[in-house]
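Annotated NAD(+) binding site per Swiss-Prot: 10, 11, 32, 37, 62, 76, 77, 115, 116, 117, 140, in sequence order. Residues or ranges marked as substrate binding site by Swiss-Prot on the basis of sequence analysis: 79, 85, 117, 118, 119, 120, 145, 146, 147, 148, 226. The beta-D-fructose 1,6-bisphosphate binding site annotation in Swiss-Prot covers 150, 165. The active site, proton acceptor annotation in Swiss-Prot covers 172, and the record cites sequence analysis as its basis. Under the heading phosphotyrosine, Swiss-Prot lists 217, citing sequence analysis as support.
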């Protein structure tokens, strides 16, 4: 598998390392506006290949993306402490459009994973600018949020996170929606499990949801960025593609019409295989969850409309 990574900040470089450790990249091209940084990362990773499977890793340009199976987009300005993901939009939208034009030119048949925040909006801009197949362009979405929530529940209830099944959908950010109505531990509905163990109540579950939502902010406040967990999440996504696992993951995908949400990239459960997104799964949400999901979609739609209006204004002024 040939993998291209655009953007070698902490997320991009950590993702390259995670992919090297997974061992399924025979070729990895690293692209960054700072070519020396990309070259440094490539050398550092190459020196680790005696301890992993052999891989050809090098710094390159967009033209080197030709023949890539997967392209990971992690380029963008970093999130500031206290800054929401949506506030990042204006600073990253133009960067994303430029990347989209180059990726579609040199690797039009690749599967593209957008990681840059705010991921839902930027995935939408990438898709629209590139004109690529919507099944092959998606964002990392709420994969990490889902993992965070499962971890919190597992730690509290004393189970492995792998035995906890719950999804976080909607925006990867402040308006994300935990789907409590479908939450299970080992096949037992979470509400029933809570009654058995008598450890959980609605306030505790609400606290889990809030901790999940605030996790990135807390990490950024302490160390400046989140990068290890998201790198592992992206490597996990690529693994599902490589092995054609058809796993169900909450990715930010383009929706034509999903529970009343149209023309938007937002996180919902999908099956992912070697050809990209194969199925979009429609959840049976309760009224409260459905309302929250549509509200989340509305927030993202408004953000897209605002930046589109700004872009049109800028073009008219410059023209």
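Heads up, the Cβ atoms here are built off N, Cα and C, so glycines get one too.
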Residue 217 (phosphotyrosine) - helix vs strand vs coil (DSSP): helix
Recorded NAD(+) binding residues, 10, 11, 32, 37, 62, 76, 77, 115, 116, 117, 140 - maximal Cα separation rounded to whole Å: 24
Subset of recorded positions (10, 32, 62, 77, 217) lying within 10 A of residue 117 (substrate binding site), CA to CA, in sequence order: 77
All-chain count of other Cβ atoms within 10 Å of residue 147 (substrate binding site): 20
Among 77, 119, the most crowded of the binding-site residues [Cβ within 10 Å]: 119
Proximal residue to residue 172 (active site, proton acceptor) among binding-site residues 32, 116, 165 (C-alpha distance): 116
Between residue 116 (NAD(+) binding site) and residue 226 (substrate binding site): CA-CA distance (Å): 12
For the binding-site residues 32, 145, the one whose C-beta sees the most other C-beta atoms within 10 angstroms: 145
Listed recorded positions among 10, 32, 140, 150, 165, 217 whose Cα sits within 10 Å of residue 79 (substrate binding site): 217
Residue 140 (NAD(+) binding site) and residue 150 (beta-D-fructose 1,6-bisphosphate binding site), Cα-Cα, nearest whole angstrom: 17
Spatial neighbours of residue 217 (phosphotyrosine) that are distant in sequence (at least 6 apart) but have CB under 8 A: 81, 82
